[in-house]
Amino acid sequence: MIKAASLSGLSPDSNDTADGFWKFTSSSVFAATVVTTIGYGNIIPLTTAGQIFCVLFALFGIPLNVVILNRVGKYMLAIERNFCNFLEKKIDRGKCVRISIHSISFVSSAFLYFVVPMLLFKEYEGWSYAEAIYYCFITLSTIGFGDYVADHNPAINYPEWYSCLMAAWIFFGLAWLALLINHSIDLLESVNAYMRRRKNAQTQVEESKEQPEKGLKGEET
């Protein structure tokens, strides 16, 4: 009884009833959590028709979302690279400029997708800074435990733009995270290639040292 009332929008903390969780804004957030595989579990389809539709929606939505996020991530990376190329033409120290641009891009994006949401969640959800940053990481990493869920407290009167902003934050945040993962993969591959080149160079040096020694031994015999 209590669980059913809570799912219908009844606050367990006070004698207040919200408009229900299946509003347009909260439904948009639910759709975003389905296709991104975050799946908080705070809003679930209860009817058989709703559950079947959710399965079909996920089957088509998850692959499509992966493609779109990949496209958006590549578009963001292309903008960053074009900006780096533009500055390299204007400034002589191209390598330093590229490293600086990547560093500035990472810091500003981390501020936009972690610090700004953390401040908003502290203001509107009443969470601590640690809880807010924890929620940001759990959400953007698509872990989605569901122990902390924004825009879900019936006792709080959220503004209309709050859910829309959350959906946009999840989408672009995941695109940025995909971009960051691609950067990390490129970095690891570069480090691996560098270590292989270094190992091959050391092997060649050792072989070149062994050849004269073999020649001297042959002359002595």
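The backbone N, Cα and C atoms fix where each Cβ goes, and this holds for glycine too.
TrEMBL lists 206-221 with the feature compositional bias 'Basic and acidic residues'. Annotation source TrEMBL lists domain 'Potassium channel' at 21-76, 110-188. Marked as region 'Disordered' by TrEMBL: 202-221. Annotation source TrEMBL lists transmembrane segment at 21-43, 49-69, 99-120, 132-150, 162-181.
If you average pLDDT over the domain 'Potassium channel' (110-188) in this model, you get 88. Only residues 6 or more beyond the boundaries of the transmembrane segment (49-69), in the same chain, are considered here, and those with a CB under 8 A from a CB of the stretch are 31, 34-37, 171, 174-175, 178.
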